[in-house]
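These notes are about the structure you will find just below.
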Amino acid sequence: MAQHLTTEALRKDFLAVFGQEADQTFFSPGRINLIGEHTDYNGGHVFPAAISLGTYGAARKRDDQVLRFYSANFEDKGIIEVPLADLKFEKEHNWTNYPKGVLHFLQEAGHVIDKGFDFYVYGNIPNGAGLSSSASLELLTGVVAEHLFDLKLERLDLVKIGKQTENNFIGVNSGIMDQFAIGMGADQRAIYLDTNTLEYDLVPLDLKDNVVVIMNTNKRRELADSKYNERRAECEKAVEELQVSLDIQTLGELDEWAVDQYSYLIKDENRLKRARHAVLENQRTLKAQVALQAGDLETFGRLMNASHVSLEHDYEVTGLELDTLVHTAWAQEGVLGARMTGAGFGGCAIALVQKDTVEAFKEAVGKHYEEVVGYAPSFYIAEVAGGTRVLD
């Protein structure tokens, strides 16, 4: 796995690429979601946490109107130059569309960015792993601009600009969870977020003798091109059908009883399954938060398992790779629970594992996965850390 960078190394790399010293260095985390999957755009609750894998940045303000972007993850792209006056989506500009989108919407919101800057980026979130490398980069860009141009920016506004970039610049109809988790993250805390009201609690993540193991399928998932938007559309159509008899705006307003009672209104079996997942996953997330606060990790683990079953059978976003990881994890000693995390269709799963069984767990799950899928997965221990911040 890619290494963590010191600020010295970051500054040295910036100097090597741009020939001048960086003004400041920054870090923006990735995220895992403990439970509450595909509920954020359905007006439900989510339970994410920022992690110590993320995106490092170094920046230097320029005297002209040119933005110069460089990513150590895409060295072959070299330095990509963009005029500050021309911030539009261009496919050939690749990863830089994320920072371009953020800067565009900051300007649109009335923030003055009157000069260009040189921007060096290095991420140690595995690409396409579903740990929110794009939201990490969005928040990183916002915090860089905030400090270089002394913008008066509420963090929540920056979170919303990240989501706006994803939806209206990149073209992915994602919810607000990723940006919120990354922008508002705190050390050793998970974020219990109501995506309808944006009310949230920072919940101490006391896992006792257990750790969260991230299991990477190493199958890339492309969110923009996936069935993600299709699932969202199915849920929106289900809401329309339910509105014939119910005064609701989102599936997150319903409970288990209501979805059973009014299921006859949803005319398509697949849409009913999608709606049932959204409603029951929200209920599971409510219960999981109570269990974690009470220190009941066994119940928390069982809810994780139930979440995966629902994502596999009702929401149908898992696939061979994720199912192989999770089903194999369930069979191992010392595992309290396991589920896919993120949008699905590849990417990562997580497991709650007793510390002293982690090595045996990785060996057994890795071996079986390779036999079934044909290549090895990767494993990381999730360290829950703070949100996007200045390093020096």
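Keep in mind that glycine also has a Cβ here, set from the backbone N, Cα and C atoms.
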Further substrate ligand in Swiss-Prot, beside Glu37, His38, Thr39, Asp40, within candidate set Tyr200, Tyr228, Tyr262: Tyr228
Distance from Asp40 (substrate binding site) back to Ser132 (ATP binding site), taken between C-alpha atoms, in Å: 14
Remaining residues near the recorded substrate site, that is with C-beta within 8 Å of the centroid of the site residues Glu37, His38, Thr39, Asp40, Tyr228: Gly36, Tyr41, Asn42, Val46, Gly175, Met177, Arg231, Ala278, Glu281, Ala343
Candidates Glu37, Thr39, Leu131, Ser134, namely the binding-site residues, that fall within 10 Å of Asp178 (active site, proton acceptor) by Cα distance: Leu131, Ser134
Candidates Gly128, Ala129: member of the binding-site residues with the richest Cβ shell (10 Å): Ala129
Neighbour count (Cβ, 10 Å) for Asp178 (active site, proton acceptor): 31
